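Participant: Straight from TrEMBL, here's the annotation block:
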type	residues	note
BINDING	H71, D73, H127	Fe cation binding site
DOMAIN	53-164	domain 'Fe2OG dioxygenase'
Amino acid sequence: VFKEYGRQLRWSTLGLHYDWATKIYPLEGESLPEELVSLSNVLSQALGIGPMYADAAIINFYSRKSTLAPHVDRSERSLSSPLISLSFGQTAIYLAGGTDLDDPVDAFYIRSGDVLVIYGPQRLIYHAVPRILQDKHFEDKDQPEEIVKYANKNRINITLRQVDEHK
């Protein structure tokens with residue numbers, strides 16, 4: 001996939017598939033891989049947030065020139081659950097603002113291996129990724145060459161989400 005389509009990758013979904021045109025999740029859909037469901041719950045519990053039953057993931061693929069415009073993630077029907085974001089590859093500059101686009105912003109780096117949890121009042125703030133920095137070099141002879149090459153030039157972000165209240 002990385003060898004043939006790496007430059008074209010922008011996003012993908014797992015579990016309940018987000019509809020980019022309507023900005024709505026379906027009521028039913030595929031199951032999220034159990035490893036991601038379990039990971040989201042372990043992280044949420046470890047932070048004292050309580051159980052999380054992730055049922056969707058959005059995977060963003062960022063090239064060096066990619067950006068993500070200011071936005072609020074509010075399409076989930078349950079906004080009481082956290083968003084858990086896992087970062088791999090190159091570093092992103094992340095901007096976190098307020099509930100209004102004119103509010104002041106804080107900027108920080110999100111590096112490979114970082115986990116960002118957005119919860120509570122932070123759940124409805126504007127955030128953005130204005131830039132990807134190519135500052136990391138991976139060497140791993142045990143991994144396919146194309147994956148290592150991709151990680152050396154790009155960033156992958158997996159955001160785990162609980163769309164609905166758990167029944």
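Glycine is treated like the rest: Cβ placed from N, Cα and C.
Just so you know, TrEMBL annotations are computer predictions that nobody has curated.
Have a look at these and tell me how they're positioned relative to everything else.
Facilitator: In the three-state DSSP scheme, H127 (Fe cation binding site) is classed as strand. Sequence-distant contacts of H127 (Fe cation binding site), defined by Cβ-Cβ distance under 8 angstroms and a gap of at least six in the same chain, are P70, H71, V72, Y94, L95, A96, G97, I118.
In the predicted model, the domain 'Fe2OG dioxygenase' (53-164) has a mean pLDDT of 95.
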Participant: Where DSSP helix means H, G or I and strand means E or B, what are the helix, strand and coil counts for the domain 'Fe2OG dioxygenase' (53-164)?
Facilitator: 14 helix, 47 strand, 51 coil
Participant: How many neighbouring Cβ atoms, not counting its own, are there within 10 Å of the Cβ of D73 (Fe cation binding site)?
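Facilitator: Here the count is 16.
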Participant: Around the recorded Fe cation site, report the further residues of that chain (criterion: Cβ within 8 Å of the mean position of the Cβ atoms of H71, D73, H127; site residues excluded), sequence-ordered.
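Facilitator: The answer, listed by sequence position, is L68, P70, V72, I125, Y126, A128.
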